[in-house]
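*Asks:* Below you'll find the structure I mean.
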């Protein structure tokens, strides 16, 4: 089938109609009309086969996942989705693969009301670049830079599960095909749930001073937020939200290690005034307080032990200057 | 060097400041504020090494080209650039390559006032996905669907040159490194000039009923426009704008073939009322009238010979249903 037939068959009509989208795929550009008082938030995430997801993974899950990791960035700004573009590079046009891939993609597009509005289809090694467009009320934009000493640090979502799920797939690659049997850790890795609704609910009710999504590991992403805000953090490791299955599977020490350093969680890290926390918990019962912001730099335990990130980095194997 | 150092060093500060961009790279999302009365136009284009450009090509030119082909889609909507994102997948972090690549990218970003506002850097086979964001006055959006029988067809830019330039590089691959010596055909292929200023000038002065950029060949892209508008075309092959060097290099028959079927020209195809053509020519002296729209379907010469597209298609080597 040719490129245009492929687009018509697998990438048309994914997701619902959204009033801001005036023109979707099929012209030189898509057209969006923002509502008054709203800003446009955009973010792009690339998923490369064998690097961001295993080559043999269930294509339904690959479709869900490549959109999910991008939507997580909208959640981290407090933005609601308007639509996404997909730049897909495919080694070939495998019908079964594409059918399942587009179903998984469409399932999340439907769930979070984020239609496919454009893209590009090319041939080459499997690479998926998803750019999400979202709208955010200009009064309620969450940036990384607003955290203040004295505020508390909270997490929405579980930590460390995705790292344990990935390990499970490494140990039992045959499970990659068996989506129906995935446990909560395996789902955390392959089917991340972007916390869009939770973020929008919080955003409307509580003042969040800064936010980031946790894709590189809690310590690495907290460090980004702290650097943007020029503050330090004290983390209470006993409070980290861990899936009971993670504790059972890895034991406490390794579970904690996965929570601090493991990537791909797509949980949200938020900072807010301590006085607002009860209301925030009412709006979002899964919200967990994990520490507080202090003056200075770095991340420490209440006992003063320094915690340092070891997050995944794509080019870290190379020497500076190579 | 690590991913963040790479981004800081090669992908920071490309292009000028633009008032609509409230927040560029460095947070979970970039933030844009549209002006009242304007719509957002977005388009994404992926360039894969060895498929959309030769692997050995001058990295400065690869940088220019991957942004240029995306900006051409904004020109085809009559939109002015606001900013672009770059999802770059790199096999390694080669400093010399990245320095030249980012210089070429930055040169076009500066020329057309289109800053880099976000992106993603991953490791894998060289793949470049550029998404451009533009603003277009809601009264002057050019779509593919507005062409009317009786109007004329015009082209801005030369046809066939890029195909001849690509052939020249195939025959003499060593010329890919020698940017300073490239002739007009080689430049047409490796350094396409998106016709943003020309499109904006026309857009302000003349009513353009439909437009498309020519990336897959004149006939293929004209066919897309005709299908969207439900009209037919009569093309005067004697009027096609051909670079004198193209005629000299290929002779008239092959030059015409390149103009009709060769891709990568990034010229603009426009339709407008005949009465507006003199004014349009005053605004844009390079505008060439090449035919007219008639009722029906298909593309013919004034003598009635059918002209059919043979444009490049990434998946055309595969059987339907394979």
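Counting begins at 1 with the first residue displayed.
Placement of Cβ uses the backbone N, Cα and C atoms for every residue, glycine included.
Feature table excerpt (TrEMBL):
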- B:28, B:73, B:213: Mg(2+) 3 binding site (BINDING)
- B:28, B:43, B:73: Mg(2+) 4 binding site (BINDING)
- B:45, B:120: Mg(2+) 1 binding site (BINDING)
- B:45, B:73: Mg(2+) 2 binding site (BINDING)
- B:52, B:264, B:312: substrate binding site (BINDING)
- B:119, B:120, B:144, B:215: ATP binding site (BINDING)
- B:216: Mg(2+) 5 binding site (BINDING)
- B:26-136: domain 'PurM-like N-terminal' (DOMAIN)
- B:148-269: domain 'PurM-like C-terminal' (DOMAIN)
*Asks:* Quick one: give me the count of other CB atoms within 10 A of the CB of residue B:215 (ATP binding site).
*Replies:* 22
*Asks:* Give the helix, strand or coil assignment DSSP yields for residue B:28 (Mg(2+) 3 binding site).
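*Replies:* In three-state terms, residue B:28 (Mg(2+) 3 binding site) counts as coil.
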*Asks:* Out of the binding-site residues B:73, B:144, B:215, B:216, B:264, which are near chain A, with a C-beta less than 8 A away from one of its C-betas?
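*Replies:* Sorted by position along the sequence, the hits are B:73, B:144.
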*Asks:* Quick check: of the binding-site residues listed here (B:28, B:43, B:120, B:213, B:264), which one has the Cα closest to that of residue B:144 (ATP binding site)?
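*Replies:* Ranked by Cα distance from residue B:144 (ATP binding site), first place goes to B:213.
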*Asks:* Using DSSP, what's the helix, strand and coil tally for the domain 'PurM-like C-terminal' (B:148-269)?
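*Replies:* Summed over the domain 'PurM-like C-terminal' (B:148-269), the classes give 69 helix, 19 strand, 34 coil.
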*Asks:* Rounded to the nearest angstrom, how far is the Cα of residue B:43 (Mg(2+) 4 binding site) from the Cα of residue B:120 (Mg(2+) 1 binding site)?
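*Replies:* Rounded to the nearest whole number, the Cα-Cα distance is 17 Å.
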*Asks:* Need this for a regression test: binding-site residues B:52, B:119, B:216, B:264, filtered to those with Cα within 10 Å of residue B:73 (Mg(2+) 3 binding site). What's left?
*Replies:* none
*Asks:* Roughly how many angstrom lie between the C-alpha atoms of residue B:43 (Mg(2+) 4 binding site) and residue B:264 (substrate binding site)?
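*Replies:* Checking the Cα atoms of residue B:43 (Mg(2+) 4 binding site) and residue B:264 (substrate binding site) gives a distance of 16 Å.
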*Asks:* Cβ-Cβ under 8 Å from residue B:52 (substrate binding site), same chain, 6 or more residues apart: which ones?
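*Replies:* Residues satisfying the criterion: B:46, B:69.
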*Asks:* Binding-site residues B:28, B:45, B:119, B:264: which have a Cα within 10 Å of the residue listed as 'Mg(2+) 5 binding site'?
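*Replies:* Those close enough are B:264.
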*Asks:* Spatial neighbours of residue B:215 (ATP binding site) among the binding-site residues B:28, B:45, B:264, defined as Cα within 10 A: which are they?
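*Replies:* Candidates kept after distance check: B:264.
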*Asks:* Take the Cβ of residue B:45 (Mg(2+) 1 binding site) and count every other Cβ within 10 Å, whichever protein chain it belongs to.
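*Replies:* For residue B:45 (Mg(2+) 1 binding site), the 10 Å Cβ neighbour count is 23.
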*Asks:* May I ask for the distance between residue B:45 (Mg(2+) 1 binding site) and residue B:213 (Mg(2+) 3 binding site), taken between their Cα atoms and rounded to an integer number of Å?
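*Replies:* Here the two Cα atoms are 13 Å apart.
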*Asks:* In whole Å, how far does the CA atom of residue B:28 (Mg(2+) 3 binding site) lie from that of residue B:119 (ATP binding site)?
*Replies:* 10
*Asks:* Give the maximum pairwise CA distance in Å, whole number, for the residues B:119, B:120, B:144, B:215 listed as binding ATP.
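*Replies:* Among the residues the record ties to ATP, max Cα distance equals 31 Å.
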*Asks:* In whole Å, note down how far the CA of residue B:213 (Mg(2+) 3 binding site) lies from the CA of residue B:264 (substrate binding site).
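*Replies:* Computed Cα spacing between residue B:264 (substrate binding site) and residue B:213 (Mg(2+) 3 binding site) is 10 Å.
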